[in-house]
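Asks: First the structure, then my questions, so here it is.
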Amino acid sequence: MLQYDKDVVLSSRIRLARNVKDIPFPTVMTEEQGKKVIELARKAILGSNTILSTQFTEYEMKKLTPLDRQALVEKHLISPDLSQNIKTGYALIKDDNTVSIMVNEEDHLRIQCILPGLKLDESWDMADKIDDLIEETIDYAYDEKIGYLTSCPTNVGTGIRASVMVHLPALTITGQISNILNSVSKIGMAVRGIYGEGTQALGDIYQISNQVTLGQSEKEIIENIEGVAKQIISSERRAREELYKKQRVQIEDRVGRAFGILSHAKVMSTKEYMTLMSDVRLGIVLGILSVDLDKLDRLTTQIQPANLQKIYGMQLNPYERDVKRAEYVSTQLNKKE
């Protein structure tokens, strides 16, 4: 069993939605008001007398290339919506990529903390610390009865969105995935693909999060998500165990073929990589393959279109990307540590 349940949980995320008092929401504010929010955020973090002031790098969307913006989206450091806000979109990203503060997305501020494995409490502690630091210099839009005021009604209240990214290959192979996801939806959780709302569950990877933030404390919301995550972890592990016991040869064949193609292919699309990666990741946690799990998880971000082009330092058309992706994956998987 891996530390922090990393065999099933890829990452844990806490995101806090906050708005500045007396400034209209980003959907209706002027460009000047957007610039004011940026200055307030800069002062709160970069101007603070804490060690944190030296640990963040600022990113103005208008100064980034489309490729740079997309690379940040692929790393889950900014949202697709923020990447499209060229006029007033801005982000402060911690140098170790664990925290990002998105400015002028759907809300004035979205404080996000992402950590590997099941670490919701640690993610919350970090996000809460940043939130407190910002609140020292910014007056938030807050109502005594309702809580934090947000652009979208589903975020009103605590303004917290807690989520886990889970890899569920065995539940998918055994046909149990629909029942599991339906059960999760019925208890008020949202289920999305790897890049959030409206995205596909590529590579059997799903994002589970709370839907509503009103009427519950931050602690209750986090405990609910953690409880659901632990049930899903148990179901997936049980499915893996039964699958390997009943279909050992077929699973070893499936994993071996997937690894063979990943490590030797000459052309590979993102979608094909994600499908094969899912089988290889299953093979690693079942002990069939001795590939480093963290290395494979890093690779899954590195081979996404924008990050791949940044690694090679050149613009590539779709076919060239598929060739370079196969080359990069092969090099990484065949490299002796």
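Residue numbers in this text run from 1 along the chain shown.
Even glycines carry a Cβ here, placed using N, Cα and C.
Taken from Swiss-Prot, the feature ATP binding site applies to 11-15, His76, Arg110, 161-165, 192-197. Per Swiss-Prot, domain 'Phosphagen kinase C-terminal' is recorded for 8-239, and the stated evidence type is sequence analysis.
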Asks: For Ser163 (ATP binding site), which DSSP three-state class applies?
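Replies: The residue in question, Ser163 (ATP binding site), is strand (DSSP, three-state).
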Asks: Looking at Cβ-Cβ distances, which residues of the chain lie under 8 angstroms from Ser11 (ATP binding site) while being 6 or more apart from it?
Replies: His76, Ile114, Leu115, Pro116, Gly117, Val164, Met165
Asks: Within a 10 Å radius around the Cβ, which one of these binding-site residues has the most neighbouring Cβ atoms: Arg110, Arg192?
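Replies: When each Cβ's neighbours within 10 Å are tallied, Arg110 leads.
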Asks: Quick check on the binding-site residues Ile14, Ser163: which one has the highest count of other Cβ atoms within 10 Å of its Cβ?
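Replies: Neighbour-count leader: Ile14.
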